[in-house]
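Per TrEMBL, the feature substrate binding site maps to 17, 18, 19, 32, 78. Marked as [4Fe-4S] cluster binding site by TrEMBL: 36, 40, 43. According to TrEMBL, the feature S-adenosyl-L-methionine binding site maps to 42, 43, 44, 80, 125, 126, 127. The feature Mg(2+) binding site is assigned by TrEMBL to 45. Taken from TrEMBL, the feature domain 'Radical SAM core' applies to 23-223.
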């Protein structure tokens, strides 16, 4: 069984464009899993893990059926932290053999061998101190190093100031993450916050030779959920 986040009384499976990372702008089907092993202070989907909204239990067959309502054949497993439920994911993915699959993770749980083989792209977002989590919980260099070694992983750091950028680069160096696999993304949860941070984040990307990740869903829909 899988436990999905609930939005508007339904399991959160929806069709949209990828708003972040190297696939931004690409049509995808999103499946939001419930639960997380961290508690970021600025999380924009805290309802998926903080207990305020109960999750929805689905069989892999039902989850696949809901995903197949859409013609798109690119699936994004998001959360929460999807790897909390990694033992249940292969059964779902075996029902979607024609889908490319992105998995979004905070980089603190190592995927098992079957997922490493099946996942097309890992979108890894290591959490910096401004997330409000203890560093011992967020900083798992051995896991990050192993993910980098797969050459399927991209590492997206949410930044609010230049010190965040420097911290991200130190952590990336400590986990042998190549600079060309690093993206900087502005800390923002509303369109106004994003507009205020976007240009500065681009300047840091130019200064340090890193990729920029926008937050297209916020730019287009502001703080609306399920898009």
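Backbone N, Cα and C atoms are what each Cβ position is placed from, and that goes for glycine too.
If you check the binding-site residues 42, 80, 126 against residue 32 (substrate binding site), the ones with a Cα inside 10 Å of its Cα are 80. Here the CA atom of the residue listed as 'Mg(2+) binding site' lies 17 Å from the CA atom of residue 17 (substrate binding site).
Apart from 36, 40, 43, the residues listed for [4Fe-4S] cluster, the same chain places the Cβ atoms of 38, 39, 45, 46, 49, 80, 106, 131 within 8 Å of the centroid of those Cβ atoms. DSSP gives residue 18 (substrate binding site) a coil state; it is part of no helix or strand.
Annotated pair residue 127 (S-adenosyl-L-methionine binding site) and residue 40 ([4Fe-4S] cluster binding site), C-alpha to C-alpha distance, rounded: 8 Å. Its Cβ placed at the centre, residue 126 (S-adenosyl-L-methionine binding site) has 26 other Cβ atoms within 10 Å.
Taking CA atoms as the reference points, residue 44 (S-adenosyl-L-methionine binding site) and residue 36 ([4Fe-4S] cluster binding site) are 13 Å apart. Other than 17, 18, 19, 32, 78, the residues of this chain whose Cβ falls within 8 Å of the Cβ centroid of the substrate site are, in sequence order, 16, 20, 28, 30, 76, 217. Within 10 Å of the Cβ of residue 32 (substrate binding site) there are 25 other Cβ atoms, across all protein chains. Taking the C-alpha positions, the distance from residue 36 ([4Fe-4S] cluster binding site) to residue 80 (S-adenosyl-L-methionine binding site) comes to 5 Å. Neighbour counts were taken as the number of other C-beta atoms within 10 angstroms of each residue's C-beta; across the binding-site residues 18, 45, 78, 125, the minimum falls on 45. Considering only the binding-site residues 18, 43, 45, residue 126 (S-adenosyl-L-methionine binding site) has 43 as its nearest partner by CA-CA distance. Most Cβ neighbours within 10 Å among the binding-site residues 19, 80: this distinction goes to 80.
Maximum C-alpha to C-alpha distance over the listed substrate-binding residues 17, 18, 19, 32, 78 is 14 Å.
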